[in-house]
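Pulled from TrEMBL, these are the features on record:
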COMPBIAS  10-21  compositional bias 'Polar residues'
DOMAIN    3-49  domain 'Zinc finger Ogr/Delta-type'
REGION    1-21  region 'Disordered'
Amino acid sequence: MMHCPECQSAAHTRSSRMVTEQTKERYHQCRNLECSCTFVTHESYARIVAKPQKVADASKR
């Protein structure tokens, strides 16, 4: 959950779309009715903490 950049209240995601394969653009709206600020954030990968082990191909079982 994001917080409103204007009043610091909780904000909910209203919609999102993929901008690139690794970046998502999200539209948020403040839950404070007196504020109702709408703003955009970008979400992307920062780093991989642990790579998964190789998974066996299900078609070869």
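Quick reminder: no glycine exception, Cβ is built from N, Cα and C everywhere.
Caution: TrEMBL annotation is automatic and unverified by curators.
Owing to the predicted nature of the structure, the values given are computational and were not obtained by experimental measurement.
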Below 8 angstroms Cβ to Cβ, which residues of this chain, lying six or more residues outside the region 'Disordered' (1-21), approach it?
27-32, 34-35, 37-39, 41-42
Per DSSP, the compositional bias 'Polar residues' (10-21) contains 0 helix, 11 strand, 1 coil
Considering every residue in the domain 'Zinc finger Ogr/Delta-type' (3-49), what is the mean pLDDT value?
97
